[in-house]
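Asks: Sequence annotations record features per position, and here TrEMBL assigns compositional bias 'Basic and acidic residues' to 515-524, 653-670, 736-746, 802-823. TrEMBL lists 721-735 with the feature compositional bias 'Low complexity'. According to TrEMBL, the feature domain 'VWFA' maps to 1-93. Look at TrEMBL and you will find 511-530, 653-679, 705-823 tagged as region 'Disordered'. For 185-242, 246-306, the entry in TrEMBL reads repeat 'FG-GAP'.
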């Protein structure tokens, strides 16, 4: 105990309390051996005897030997009496600082240091108590009666112990009836000085800056490595603001003072110039800081002429003509009541910039858009002329030209004042922005009456094809035939499926356009276009091409209407809006595929002059498929040779659809005819043909429509016949009357893979014997609703080098790009219809 090995600190006060209920018993050590050791370590000893055993003189003597002083001997009847002694010790021994809870305090007034600072108010003196309540601090206000303690606990001022950091100064409102100080504002020094002791001294100053509110000086003697600093804070009505007017460092003075700002005194004129001064204490010296005379600068800008004349700017040309003259004037006057008289002067430097907030300024000073200048002047007025020039061809003449002037300055040294210089006062104009408007052709009444005109044209090939492309191209021109138009634009109304995609400016000397589509409203949608900048002079125009997105599944009817209407902000100025409406025909793209199944009969082996084979079944399977989002009512015609030489070819023949639709019927037999390549047809070249026609409903995808075609060939019809066609299929005219389907592209004839061979023993199927054909009669062959189309051979052709022909299917749905990968798909018919 009481040794450094058990945590004892050297020089710390040592206290030992001995509580016993009787005399020493069975202890070999004597008090004469132990007590000297305690006295050598300066241990203060207390002895407490409990019980009646200490009524005997010998026992009471033992307590006196244990205690270091006779007054340290206590005797109680029982252990309950020790509670009073505990309370007494608790009052005499302070708790270790930092061990108090959040709702209690280790120190109250024991370390208050009342009188650490003092001030005199109209109600009486106020003494600071910085150590009260664990250094939360407070103050004692003395008035007519007993002193009142104003508590500044941490709940009102922030974290206790804030003075150990950089420091802060609280501005408190005093109310003698309130138990706590109300401190809504605080002043702080510069960051980076955690131990600067900001607030170690305070001084109330007069109107140093010439304004009506006084200032406060705050000392921070340990900032700048002990050189110290003084802060000046500007006041404001209702209390002092936290704005630092000036920071004065002690290291700037030739004497290099230490602890500059540890004491302050100011507010009085000590130099005889009618300006308040500030005395600052430092180690071994006091420095007197004088208030400088204050100057006030007023800045003004005027233009000649007062508007920028309107000029036509040819396309691609740049204006370099003089625009006018800007006169920048400075007015210098005194702002403080001093004794220096009118013999004051200052050196001012300024910077003027044209259109400072624009990337591309519209004017300059001859070469640059910024101009720097310097002038030396006394009290009074001094001006500088700046010549302005056009810079390029200005597109924005709606917004005035801006000239921004910023300046700074300092006064010249005053003779006989030890280097004192006038300063620019806080009420001076340090920056000024002046505007110069552009002239607008609004007539003698100065009221602009615009006359906007619009032209609207469809730039497509004659009709909008939904599915072939995905955009509607419109060409527009907006022209102003009247006076200046403000906020000009166009409002387009069109069907709801269409929306704005892009804009291409074709011709404009008035700026650019911004367009956007609004959400649909019912069956219509509106697209707005605005001119930027929002001004169109008289005679000005802008031409552009507008692209509206068209979904491939849009249903727009036989035609659509687009209306363009002019808009402007001239309102009641007399201008009237104009609107133009155009009607665009609408057609729809349809993709149909006629495919044959690979399990169809490919050929018949007939040996010339041999025995007649038994009846042979011949079966062809076809499918009509639609690609994309929409279909069209059509028909499939099957031309089947009915005779081979003079003998009938078929024992029986039928066309039996797999679904209830389509419905098929046999038409009158047709006489043989040759092929018609220009019509994309394979006909029966040498014998009559039986005609089967199947009417297809609009094949909405999926599923595809299957049409089996076939029968049993007779065993007698071989004879001496040569090659003959078997079951060619034709995609014929559909039930489209009276709505015509228009041909869009040329095509290729599709070779088939079905047929019959003749002569000799069995051989591989000869090419082009029989086949599948696609196409339609020419316009008018099917009546008023004649169908026309084009045929595309598939799979893709290969050229002589074995490479795929780069010519592929035309533009269409994703399924079309895969067409030809399946060898069973023999042909495709691509149609464009009007609903």
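Even glycines carry a Cβ here, placed using N, Cα and C.
All annotation found in TrEMBL is predicted automatically rather than curated by experts.
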Asks: Compute the average pLDDT of the predicted model within the repeat 'FG-GAP' (246-306).
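Replies: Within the repeat 'FG-GAP' (246-306), the model's average pLDDT equals 90.
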Asks: When secondary structure is assigned with DSSP, how many helix, strand and coil residues does the repeat 'FG-GAP' (246-306) contain?
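Replies: Once the DSSP states are binned, the repeat 'FG-GAP' (246-306) shows 3 helix, 33 strand, 25 coil.
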Asks: Based on DSSP, tally up the residues of the domain 'VWFA' (1-93) by helix, strand and coil.
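Replies: Residue counts in helix, strand and coil order: 44 helix, 19 strand, 30 coil.
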Asks: Pull the DSSP breakdown for the compositional bias 'Basic and acidic residues' (515-524) and write it out as helix, strand, coil residue counts.
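Replies: Computed counts for the compositional bias 'Basic and acidic residues' (515-524) are 0 helix, 5 strand, 5 coil.
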Asks: For the compositional bias 'Basic and acidic residues' (653-670), jot down how many residues DSSP puts in helix, in strand and in coil.
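Replies: Secondary-structure breakdown of the compositional bias 'Basic and acidic residues' (653-670): 0 helix, 11 strand, 7 coil.
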